[in-house]
Structures are given as C-alpha cells and as structure tokens.
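A.B. asks: Before we start, here is the structure in question, set down as structure tokens.
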Amino acid sequence: MNRELEYMFVQSARVWIPDAEEVWKSVELTKDYKNDDASLQLMLEDGTTIDHKLDPKTKNLPYLRNPDILVGENDLTALSYLHEPAVLHNLKVRFIDSKLIYTYCGIVLVAINPYETLPIYGTDIINAYSGQNMGDMDPHIFAVAEEAYKQMARDERNQSIIVSGESGAGKTVSAKYAMRYFATVSGSASEANVEEKVLASNPIMEAIGNAKTTRNDNSSRFGKYIEIGFDNRYRIIGANMRTYLLEKSRVVFQADEERNYHIFYQLCASANQPEFKNLRLSTANDFLYTRQGRSPVIEGVDDAKELCTTRHAFTLLGINESYQIGLFQVLAAILHLGNVEIKDRDSDSSLIAPNNRHLTAFCELVGVTYQDMSQWLCHRKLKTATETYIKPLPRLQATNARDALSKHIYAKLFNWIVEHVNKALVTNVKQHSFIGVLDIYGFETFEINSFEQFCINYANEKLQQQFNMHVFKLEQEEYMKEQIPWTLIDFYDNQPCINLIEAKMGILDLLDEECKMPKGSDDSWAQKLYNTHLKTCSLFEKPRMSNRAFIIQHFADKVEYQCEGFLEKNKDTVNEEQIHVLKASKQFDLLVELFQDEEKATTPTGQVPGTGGRTRLSIKPDKGRDTSSKEHKKTVGCQFRNSLQMLMETLNATTPHYVRCIKPNDFKLAFSFDPKRAVQQLRACGVLETIRISAAGFPSRWTYQEFFSRYRVLMKQKDVLPDKKLTCRNVLEKLVQDQDKYQFGKTKIFFRAGQVAYLEKLRADKLRAACIRIQKTIRCWLARKKYLRQRSAAITIQRFTRGYQARCLVKFMRRTQAATVIQKYQRMCVERKRYRQKQAAALAMQTILRAYMARQKYQALLREHKAVIIQKHVRGWLARCWYKRCLEAIVYLQCCIRRMRAKRELKKLKIEARSVEHFKKLNKGMENKIMQLQRKIDEQNKDNRVISEKLVSLESSYASESERMRGELGRLRGVEEDAKNKANQVSSLLEELEKLRKELSVTQQEKKTIEDWAQKYRDEMEKMVSELKDQNGLLKKEKDDLNRMIQEQSQQMTEKMTRAIAQETQQLETDLNEERSRYQNLLTEHLRLEEKYDDLKEELAHSTNVSKPGHRRTDSTHSSNESEYTYNSEYAELEDGSRVGEDVTRGMDTSLTLKLQKRVTELEQEKQSLRNELENREEQFQRARARDDAQFRKARGAELEYESLKRQELESENKKLRHDLAEMRQSLLGGAAAGAGAPGSPAYKVLLDQLNASCEELEVRKEEVLILRSQLVSQKEAMHHKETMTEPSVFAKDVNKLKDADELKQAYVGVKDTNRLLEQQLQAQRRTYDSEVESLRGELQNVKEENNRQQQLLAQNLQLPPEARIEASLQHEITRLTNENLDLMEQLEKQDRTIRKLKKQLKVYSKRIGEMGAGQAEGQTSPGQMVEEPIHPVNIPRREKDFQGMLEYKKEDEMKLVKNLILELKPRGVAVNLIPGLPAYILFMCLRHADYVNDDQKVRTLLTSTINSIKKILKKRGDDFETVSFWLANTCRFLHCLKQYSGDEAFMKHNTSRQNEHCLSNFDLAEYRQVISDLAIQIYQQLVKCMENILQPMIVSGMLEHETIQGVSGVKPTGLRKRTSSIADEGTYTLDSILRQLSAFHSTMCQHGTDPELIKQVVKQLFYIIGAVTLNNLLLRKDMCSWSKGMQIRYNVSQLEEWLRDKGLMNCGAKETLEPLIQAAQLLQVKKKTEEDAEAICSMCHALTTAQIVKVLNLYTPVNEFEERVSVAFIRTIQTRLRDRSESPQLLMDTKMIYPVTFPFSPSSLALETIQIPTSLNLSFLTRV
C-alpha cells in the first residue's frame, strides 16, 4: 500500500481539496509525498502555491483525481477513484461541456434538469433505444424504460421506475417521458388506443395537481404512482393511478411568486368564452385564492390554450361535456367562496352581509340556499348527550372554516377526477404484468419545516431503505455470479430512523394519541416527544433555543421541525353542517356525487378546529380497507403510513429502477451548474451512498479479453500464454502485490477503487517510455541521417570547389592564349584600318576633283540653255504686247457698236423691267408661300422631283439666255457704228441707260436681301441638320441599348423560365414521390389491418372450434380487392373457408366487426382517393407545365408587342423627320428658284448633299430596325420551335407587315432553315461525340477495374508463401479460363439461337416455295399423277408453328393450378432449374386463353385467385426472404406481361411482330394492373422489412463494434460496465457477415429474375438502412466517437463501396445514402481546433444537420491520453457558423423510412410459344393452344 501511495502521490499528481465556494477544488502536487510528511505542497490551477496540512491523527491524504481520459464517463461507478469530488466533477463535465443531462450511477440514472428544451425525446430516439441493451447506449430515460420493459418480458416480473428529486428537478417530465416510451414501444392491445388515454391523463393531472412555485413553474404538488398494465403479448391494456399527499393548503393560500393550481388560472383566462358565461368569472386578480402570490402569469404559457388541451384530454378519457361543465362549476364556486367577506358582529360572533354577490354566485353554482350557507359559515353545532347547541364563530374561526370547506371540496373533486381517470383507463382484458412509475418528491429541508416536510422525509426514508437493500442485493448477486469471495459490505441502514417515526410510541403514534386527547395541543405533544425519545434515541434531538421543535437525523441531513400546526394538519377536519348543506343540493348532481361517501367530519374529541395552520394534506382513501369506526376517521398521518406501507409492498414485489432528478441551480438558468446545490441533492437522493457501497467492494470490472487487450503493453512476450485468463492472472500478480486489491471471477476481473488508475498510470508510463525510446531511436536515426547528409554535402562541396578551381585555371590559360590572338588580330586590324583610311582619302580627293570639274562644265551648259529660253520669252512677250494693243482697239470699236445697238433694244429692256416688278410682287409673298409649303408637306414631297427638274430647266434657260445675251451683245457691237451715225439719239439712250442702272442697283439690293435670307435659312438648315444628326445618334444608341436589353431580357427570361420549370418539375417530382410514399404507406396500413382482421377471424374461429370439436375450419382469405371486383366461383377449400368465416362472424363481436369493416372501407376509399389524387397531381403537373409554357409565350408575346409599338413609334418619328427634311429642301429649292442668280451656288449644293446624306442615314436606320424585328421573330421561333414548325403562317403575318415583305420573308425563312440544319448537324455530332466519349469512359473504367483487380491479386499473391502463390495463380488462371469459357458458351448459345431462327425462316421459305411449286404442278399434271405424288414433308410434323402462346385449363382445375403453381411451389427449385418468372408466364398464358375465349368470369376468378393466393403464401411465409423475393419478381413479371400484351401503343413498340399478335383482344385489364401494382408494392415493402430484420442485428456489430482493422481502435480504458440484468449478445457479426448477406440477397434476386432497376432500388434502401442505423448508434454512443472509430467506419464504408462496384451498382444511388455516415466518420478524424478547421467542417458536413454535428463533437472521446478533447469554444464556433442553415432539428435519421418504389416497364424478349412447362410442376392438366 505504501508503495502504491508513493507511486501515486508524486510530483504533478492531481488531487481534490475542500473548497468553500466550489465544494471541491483541483490542485497539483509540486513535491513527492513521503510517509513522514505532515503537509503537502500543492499548486492551484491559477499558479498559486499552498501548503495543505494533513490531520496528524488520521494522516488521511486528499482524494486523488481520475485521469483526464476517464472524465466524462457514462457510468459513475466506472471511475477508478470513486468519491464525492470525482462524481461531482464528472457530472459537471458532462452537463456543462458535453450538454449531457443523463448519467448512470450503477443502477441509478442521474438526470440533471437543463431548463431548456432538448431534441432528444422524439420518436426517432425512442426507436433507437428500443430493443437495445442498457449498457450499449448513452444514458437516457428511454434506456431505463427499455430495460424495465425488457425485464418484464424476459423475467415475467413486474417492474417499477422510481423517479424522485426536489421540486424543479424534473421528476414529472421524466415520468412523462417514461410513460410515452411505453406507449410508443408497446402499442395498444385493442382498438381503444389505451396508450393515448394513458398519455392524456398527464395534462389533466398537471392542471389539477401542479402549480407554480418559486422553484418550478410546473411543480407537482402531489405524489403519484401509475401502474401501466400489459397483456401476455406485452401490449398496453390499461393503467391505474394512485395519488399521495395532495397539498390542499395551496387552494386557499400561496406564497409570493407562487400560484394556485393551474386549472383556476385556465378557467379565468377562458372566462370570456360563451360556455363559461354562467360561471361569473373574471381575471385571476379578482379572486383571493388566485392573487395572493402576485404572479398570475407564467412566462411562455397560454392558460386559455392549456384549458383546451385539458378539455380535449377529458373528452378522450370519456368525461363528457356536461360533466366537464359541472367540474368547472365546482372550481368557479371555490373561487367565489374565497371572495366571501366575513365581518365581525362582536368579539365572539361574525356575519356575512346580505346579498353578498360572491356567496350568491357560489350558492347558484352549487345549487344550495343562500340562507343555509351563510348560516353555517358563521355558526357551528355542538352536540351533547341530551341537547344540541348552535354557537356563533368569531370572524377568524369562520374564515378558517370557509377555507377548510374550500380545501375539502377541492380534495373531493381531485379524488373524483382521479377515480374517473382510472375508470377510463381500466379494460376488461386480463392484466398479465405491469410497470409502475412513481413520481414522488425528494428529501426536503427548509428554514421552517412542518408536517408536510415530515411526511415527505418519512416517505424518503422508506424509499432510501428499499434502495439501499436493492443495491446491496445486486452487488451480492454479482459477486456470487462470478464466484468470488463475498465479504460483508457495511452500508448505512436507516431502520432506526424509520422506527423512530412509525414504531409503537413513535412520533406518528404519539401524534395520533395526542389528537384523541380532549385538550391535546402542539406543546403537550412536543413534551411527550422529549420525554419519550430524547434520552433513548440518538437520532432525536431537542433544539437549544426552542421548546416547540424537534430535530431528526435523517439519512441525508439533520432537519428541525416546528411542532406548531402538527395536530391541526393531522386531524384535517371540516364543519359537518356545511357538508350537509352541500349534500342537500337538488340542482347539482355532481356535487352530491362528490360527497355521497362522506363520513362524519367530526374530530376525535368533538372540538372545533382551532386557528393556526394553513397547510393541510389530503390522502386518497384506500377503498379496500374500511374505517375502524363510524365515529372517527383516520388521521392524516395514519392514512399516509398505511398508503406508504402499501406502496412499499408494491415496490418490493417489483424490480425497481431508479431515476434521481437533480436541480442544477435555483435560478432556472439553462446549463448552469451550482456545485453546492448539486452536492446537497446527491447526498440526499442516495447517489453518493451508491458510490460508497460500490467503492467498498470491487467497483471496477473487466472481462479477461478487455483486460488483455488494454494492458497487453505491460506484458512481455514470454508472459503471453494461449489461456488469456492465466495470462491475466500472472500479469496481475506481478503488477499488483496486494492480492486484496483484485479478485478473479468466472468471466471478469474485479478491482478495488483506484487500481484501474494505478494500472493506467503503469500503462501510460510504459507507453511514455516506449515513446521516449522510439523518439530516441528516431532522433538518432535523424541525427545520423543529418550527419551523413552533411558529410555527403561537404564532399560534394569540395568536389565542386576543386572543379571550380581547375576550371578557373583552364579559363585563365584560355584567356591568356586568347589575349595573344586578340592582340595579333587587333594590330592587324589597326594597320588594315589605317591603310583603308589612306586609300579612302585618296579616292575621296579624286572623286571631289572630278565632281568639281563636271559641275563647272554643267553650269556652263546650263547658262547657255537658260539664255536661249530668256530670249524666247522676251520675243514672245513683245509679240503679245503688240497683239494686246490691237485687241484693245478692236474691243473699243465693238463697244461703240454695241452701245448703239443697246439703244435700239430699249423697249425690249423696259418689258423685261416690268417682268422684274411682277417678280418683286411674287417675292413679297415668298414667306407666306414657304409657310404654305410647310403645311402642305405631302404635296411638296410629291412635287420634289418636278421642282428638281424645274431647277435644271432654269439653269439651262439661264445658260441659253446668257448665250443669247452674248449674241445680242455682238449684234449691238455691230450696230455701234450705226450709233455713231445717230448721235442725236445718244442723249436719250444715256438717260435710259441711267434709269436702267438705277433699276439694276435696286435689283442688286433685292438680290442681296434674298442672299442674306438664304444665308440665314442655310444656317438654320445646318443647325437643324446637326440636331437631326444628334437625334439620329441618340436613336442609334437607343437602338443598340434596346437590342442589348432585348437580348438580356431574352436571356434572363430563358434562364428564369428554365429555373422556374426546373424548380416546378423538382417540386412536382417531390410531391409525386411524397404522394407515392403516402399511397404506399396506406397500402402497408391496409395490409396490416387486413392481417389483423384475419387474425381476429382465426382467433374467433379457434374459440368456436374449441366449443364445437367436430366443426372443421379452413383458413379463409380476405382481399382488399373483394369490394372492387366480384367473382362467383372459388375452389372448394375457399368456399368451405368462407362458410366457416360466416359462422364465425355470427359469433364474434358485432361492433368490432362493423368497426373493422368500416375501417377497411374507409381505407379502400382513401386508397382510391389517393390514387385519384395521384392522377390529379400528374394531370396538374402536365397542366402546370402547359400553363408555364402558355405564360411564357404570353410574356414573350407581350414583350414583342411592346417592342413592335416602340418600333412603330420610331418609324413614325423617322418618317416625320424625313418629311420635315423634304419640306425644308422643297422650300429651299423654292427660295432658290425665286432668286435668279442663287441656283447653282456651292452653298445650296452643300446643303442639298447634307440633306440627302441625312435621308440615307434614316433609311439605314430603318433597315436596322427591320433587321432587329426579324431577330425578335427568330428568338420567338427559337423559344417555340414546335409551334413555329406547325404554324408558320403566324410569323409570315408578322413578316408581311414589314415593307418589302416578300424579300424579308424569303431571307428570314432561308436563315431559319440554315440555322435549323446547322443546329441539327451540331446536335448529331454532339450526340455522336457523347456516345463515343461514354463508350470510351466505360472501356476505360473496365480497364481500370481490371487493372485494379490484377494489382490486388498481384499484391495478395506477393504476400503469400511460394507454394500458396503458385496455387493462387493457378486458381486465378482457372477462374479466368472459366469466365472466358462462360463467355464463349454465351456466344455459342447466341449463335445457336440465330441458327435456329434462320432454320425456321428457311423452313418457312421452303414451305412457301413448295406450295408455289405444287400450285404450278397442279396446272400441268393430271389428278392421277397428283395422287401418286408424295405429300410434301414440310406440312406433316410442324404443328408448333401454329401455337399461339396460350394455356387452356378447365374451370374446375383452377384450384389445382393455384395450388401447384403458387401455394406449394418451392422457390429454390424453380430459381435453380427453370427460367426466371416461369409462374408469371404460365399464369399469363392461362389468362390469355380466358381472354381469347372471351370468358369474363374466368378472367376475374383467375386474377382474384392469383392475388389472394400470393397474399396467402406471403402471409404464411412472409419471413422467408427467398419466398418474398421470388414472388416479388414473378408479380412484377406478371405486371409487365399485362402491360406488354395489353395492346397499348406505348407498350407495343417494344414488342416483335409475333408478340404483338399475342396481345389481349377482349378485356381491358388496366384496373387489375393497378391492383397487381399495389400488391407488388406490398411485397416490396415486406421484402425490405424481411431484409432489414436479417441485417439489423449485424449492422451495429459489423459497422461499429467489430475491429475490421485490428489494433486500431483498442479498448476503452475503464471498460463500459454492462448492466448485470441485460441480455448478452448471442453472436458477434463482422463486416464480412454484412457483405456476405448482401451478396446472398443480390444473388437470390438475380436468380429469381428480379428487374435490375428494382434490384437497384432494393440495394439503395438497404444501404440507407445500414447508414441510418450506424449513424444513429454513433450519435447515441459516446464510446464510439473517437478518431480510431472514424477510421474503422471509413474503411467499412469503402468495403461497401467496393461491393457496389463489383456488383455494378455504383449508379443506383446507394453510395449517396451513406454520405451522412461518411461525413460523420470524417468529422471524427479531422482537426478540431482553429477557425480554419471550423470552416472546413462546415463545408464538409453538408449532409449532416447542425444538431448531428454538434452531437458528434460533444460526444468525441479520446481513447488514449495523447488525444485531445473538443473545446466548448470550438463547438460554439461551429454552432455560430451553422445557425443560418434551414434544416430539420431532428437528431436521428428515420430508420423506418422506405423510399417510394417504382416498377419501370421491362418487356420480355421471350416468345410465349417457346415456353415449355416442366413436368415437376404437376401441371399436366394444362393444354397448349
């Protein structure tokens, strides 16, 4: 021992020391402990060093702390060190860090109230815990309930679940969840839904028995024990409730921040409802009994809504509306009675004011007279032997009497409700066993403790005694079972305390005796207690400062009780006359019923209740026991003692299960842990006592295999023996010297407390030493590797250095030689350069000299040439001067002549002057004319060309006029000579000439004015043109924007519609799957009811057979199709069965039969409605798609209309601008025409050019608009190409609206055809490319798979020894050759089939040729010759060619057909020897013949008999996988045959011409196809359940528990302690077991000919079940959440994927169902520290919900101390990142979910006429037709 202490109390060891705030504080030793040390040197977690003094007498060392790897264990008894600080710390870590509220403590489940709603109580959690062993799953109330249920079924012994704890700890909730578990798991044995009634009792009892207190918003103010009854099949049949200690005082008084019972506030909250108007209620603040606590509202609770729940529960339990109103009347009367004000009349009497409205309301509600009630509220009756007196009461006594009456009425009402609830829960079925749930208060101690606390603590003393005995008994049984030496364990026995309370002359006995005394009081009773027990009992004490109190030492703590009020509360009296008044009510039958068994309410002494105590207790009386006398009723203490004794007898007769509820804090804070309050409750509820008892013995228990696996590292190779038990024994003897520290059992090793920690430390030290050794070796290897690397580097550096030096020397030598060569060549170059310079200088000088001489010669020649030119020009100039002088003289003569002629033409000029005046007048109205021309745009536009022609003619006339004027001028010059002769006419001509000059100046001024106006107009036109250009640019930009917007809108609209259609399609597919799932679930429910109906018929028939032994009964069948299809003929056994069924039906319960028939009818109607709804959904889907297309077309049409309107507006605007330009041009041309000199000027031409350019630009814009419109049309045609192809006229109309319609239409159609052709070619190329790529991918995948297989095989062979390697290679070669052989055989069979087919065709052709030859010979030969010729051999034997693929049978053979082909057929022989689906083909061929002969009755009876027979065989052998699989394959094949040969075009296109000839001709069997499809769905679901039942036991063991990779997972350090009463596993399954089972499933289905698509759906469903069950168990098992387990899971999943790959099922969707499990395994393995890790986890775990991710992180448990836990901050980071996810809060996956199954049409290529019927089927009565 000293050696171990010295080994454990060393430096860095951690221990616990007491602390005032935290109760226990963790510290670390800074110095090793020696035996003679008086103190310990410790260091706190904050670094503070302290000196801890040891007790010099005891030398008790502090408690050692468990290793971190043991912290957070599921079971407290599994801790190595079992003591108070370890328990407290373990609970705190689980509660705060892991958010786990449940923890085992041996046989006790410790439940800590989280004050928060947790998602761990759903149906999925219930299903996960159902059928599991208690030690296999994480602690939960459901695990305790499952253990109780399982033990009840296994041991056939009644069970009890005892739930205790103080107020606010969660007792009621725990009991409620336990009851819910039983109701969900067991189900009901009848159609009355008893489990719903049992659960419905909870809201009723909470309403009338729960209230808000300072500690709890829903505190139960009574104790209850509910017995849930079960039948022999362990289904709920009823329940019974017993109540204890109702707190009646709460009816009349509540402390601050507390409330009365919930029902009162629910009534007040619903006072405004019509049915409650007569109750005269108002708010809760208006009544004394509901406002004293000043807290009428509970946050988050709607009292009105809660009343609706309560009333619904009343109705469910059979309490009708009238009784409910009566109950509410009594409750309202109590409230009104509390408001009755009693006043003082004098000091000894009191009175009630007349017409008190509350008393009036009370009397009206209960149906009594106002006078009687007011009389007896203020008076009492005293009886003597001779006389009766009526004595008035003082106001205080009258008030107490009123409150006593209120409490008494409420207690009676409470008992009445409990009684009627029990009546509603009772059934006539015999109870086989029961499970009791006890919800009772825990140990209580307050500052002031009275009679209530005394009774509560008395009950807890009894329960604690029973608990201690049970724990002691279990420990003893475990030791005896393992055959280890049994030593008596000392544990606390509280029998002395119980004797002090209940024994003769005990506290209760003295209290009852004092109540019988005439002048008994609390003080006299206290003195009797002091005199009796103070000196005789050590557990009884008297307070120093009080004579009216006493102290009892309970098992949990000392409690001081105040004697005041004990006698009054024990008597519990009420005024008898008040009761008589209430019983005399004539209008209220319910009130009379409440008091019909009322005993005389007199006190034992006949005294009136005195003042004092408010609090009273009510005990539900035991009906089985009569009162001892009629004069006196039992006291409260006596009743409670008797009822408690009955409860203990019940509990002792059952197997108890304990749930201890802990309240973590007094402030109702979520996940807040107060160590002081927790320790106080742990001490009070017996958890620490359990720990102490366990620690006193051998708390740590390991199996030999677990011990060997865990501590193999402590053994040497020589210590390992074949016998594991002997190995463990030898090792332990070496490791632990003290043999008292352990014991060897039959299957386990038992250790004392602390020994596992000691062994763990040894193991850790050994591993640490091994790690150091490994590190040393690795460091040595690394150092040597570094040295060798440095040495090699040094040698390399030297080598390179020397090489570098050598290269430098060589380089120097080369450079020296090169320098010499360079110098040589450089000198040569210099000399050569110098020579060349001299040579060049000489040549330059020569060149310059020669050039100078040439230039001199050239200049001389040039001077001579220029002198000649000068002479030539001078001579020419002189000649020209002479010529000019002559010309001037001639011109002068001509001028004189012309002057003369000008005078002659004077008159003609005057005429021309007049025409100018007329032109001036016209010119004055030019502006008006321009305005008129602007208003008449259309006319001027038409005259545009005419004006242009006029302009040209004016120009030509102007030119001709100029020529004419020139000619006239010549003529005038000729006449000039005549003018000289006529000198007398010169003066007159001069005057006329002067006048003409003046007129010419005026004309010039007018011309200038016109030119100014033209310039101004031209400027305006230029400005207008610039504006038009700007507008044109804007239009162009707008056109581009519009084009871009149209493209973007088109793209957006296309994407939007695509997304909308995809979403709508996905939604509709989801709805369709949901509807299909609902429909299939209803089919399942229908099948279940059908089977139930058959079972009831069989049971009733069996009972009939028992009463009539000679009566023979044959099983009859019942089909859901009988109501839909009528048939008249059945085989004999079925007829006999139906007759027997009729006889049985007469004797069975008519109501039950009608109910079942009604239920079946409703389900059939619901099935039909769901079928119709499914069809409607499909039609809606089609209509929705068509509607979306129409809406899209409409939207696109509206958009195109808008664009068309926009385009028309632009065209009109352009047209208007074009007209304006034409008008301006016209006006300009008109202005130019007015001025004779203006036309033809450059300014006008420039302006006209700009106008023409603007017009051309507008035309270009118009063409672009037209092109844009054609693009819009093409987009519309692309969106609706089908409509465009069928209705081209629609687009033709749009195109024809444009100008140049024919050309645009032809261009558009051509472009469209070209695009369509190109698109088709592109799609064809794309399809070809995709097919080639897909084929190449397939070939590549096959090559990869073959390569992987070869590599695996090679790797396996390389690991084998040489002999085995040769054998394996031979085996592989044999397998390869066999496969090739099989392939060749298949090819040979194909060729044989082809040859047979060709032979048949050849025979047919030869027959035809023969017939043709016979016909020709017939015309050429005589009849005699014809007779002599032999018959053609082709026509003789071949009758099979006329076989139509039908089988004929007689009507009386139908029974034999069904019997041989369905009922007695063995699937295994058919699957091995015959073609797949043979029964389906035979049945269909028989059906075809019935259709061929047009026999309606035969068709219907055959189909109905087939369906019923399949149902019968599946009911009989529904657990046989081969049978279910076989008939699923044949049912589907039969369904496919009905489709394939139905005559529908959709199915006929897959047939050959011969098969199309075999189609049904007379009957449409579409309705039967639906029935057979429903049958196939039922068979599929039954197949899935059958496979699930086979796989279910393998999944958890194979996927989680078994170590596929040996040595990775290891064993948990402490070994999870299994419950001793749990069932041991029958066998161990591995992953290979699962894979073998899956392969067996797959091969069987393939042999049966199941459709490949259906096999894929089955495999997907199986993989979903495997993934869901594995993940659910992972989420509920803390021991499985580790890094190594994640590796195991990922390896197992990879093996499953490899199986899918080998079977060619990778594309069936099965792998995706495992994604949540894969991500959970990855989550266990990834790093979980930094923000980056959190981000990676959030992105990786997309298939897991937030609740699942957080759960895995909370459950993550290191297996070795080298691993680290996940911090709380990291988990909160994950929660913060995932809070925006929209997902289901459900924690577990639904393992019962079945994917909706579909049966894709799979036509058969098998020809019916080729089918041969084997003789083994015994179907010789069938005839081939």
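Backbone N, Cα and C atoms are what each Cβ position is placed from, and that goes for glycine too.
Fair warning: this is a prediction, and the values are worked out from it, not measured in the lab.
Take a look at what TrEMBL says about it:
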| type | residues | note |
| --- | --- | --- |
| BINDING | Gly165, Glu166, Ser167, Gly168, Ala169, Gly170, Lys171, Thr172 | ATP binding site |
| REGION | 601-632 | region 'Disordered' |
| REGION | 644-666 | region 'Actin-binding' |
| REGION | 1102-1144 | region 'Disordered' |
| COILED | 1153-1268 | coiled coil |
| COILED | 1301-1408 | coiled coil |
| DOMAIN | 1504-1780 | domain 'Dilute' |
A.B. asks: If you count Cβ atoms within 10 Å of each one, which of the binding-site residues Gly165, Gly168 comes out on top?
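C.D. replies: Comparing the binding-site residues Gly165, Gly168, the most crowded Cβ belongs to Gly165.
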A.B. asks: Report, as numbers and ranges, every residue of the chain located at least six residues beyond the region 'Actin-binding' (644-666) whose Cβ falls under 8 Å of a Cβ in that stretch; write 'none' if there are none.
C.D. replies: 91, 95, 105, 107-115, 141, 144, 147-148, 151, 155, 157-171, 174, 178, 215, 225, 242, 244, 436, 438, 442, 458-459, 462-463, 466-467, 470, 622, 672-674, 677-678, 681-682, 685-687, 1621
A.B. asks: Report the DSSP secondary-structure composition of the region 'Actin-binding' (644-666) as helix, strand and coil residue counts.
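C.D. replies: Helix, strand and coil residues of the region 'Actin-binding' (644-666) number 9 helix, 8 strand, 6 coil.
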A.B. asks: Which number gives the other C-beta atoms within 10 angstroms of the C-beta of Ser167 (ATP binding site), all protein chains shown included?
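C.D. replies: Result for Ser167 (ATP binding site): 19 other Cβ atoms within 10 Å.
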A.B. asks: What are the other residues, in sequence order, whose C-beta lies within 8 angstroms of the center of the C-beta atoms of Gly165, Glu166, Ser167, Gly168, Ala169, Gly170, Lys171, Thr172 at the ATP site?
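C.D. replies: What remains near the Cβ centre is Asn113, Asn216, Ser219, Ser220, Tyr441, Gly442, Cys661, Lys663.
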A.B. asks: Just how many other Cβ atoms lie inside 10 Å of the Cβ on Gly170 (ATP binding site)?
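C.D. replies: Cβ-Cβ neighbours of Gly170 (ATP binding site) within 10 Å number 24.
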A.B. asks: Counting only residues 6+ apart in the same chain, whose Cβ is under 8 Å from the Cβ of Glu166 (ATP binding site)?
C.D. replies: Arg215, Tyr441, Gly442, Phe443, Glu444, Cys661, Lys663, Gln681, Ala684
A.B. asks: Tally every other Cβ atom lying within 10 Å of the Cβ atom of Lys171 (ATP binding site).
C.D. replies: 27
A.B. asks: Count the other Cβ atoms sitting within 10 Å of the Cβ of Ala169 (ATP binding site), across every protein chain shown.
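C.D. replies: If we count other Cβ atoms within 10 Å of Ala169 (ATP binding site), we arrive at 26.
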A.B. asks: Test of understanding: give the count of other CB atoms lying within 10 angstroms of the CB of Thr172 (ATP binding site).
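C.D. replies: Neighbour count, Cβ to Cβ under the 10 Å cut-off: 23.
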A.B. asks: Give the mean pLDDT for the coiled coil (1301-1408) on the 0 to 100 scale.
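C.D. replies: The answer is 68, the mean pLDDT of the model over that range.
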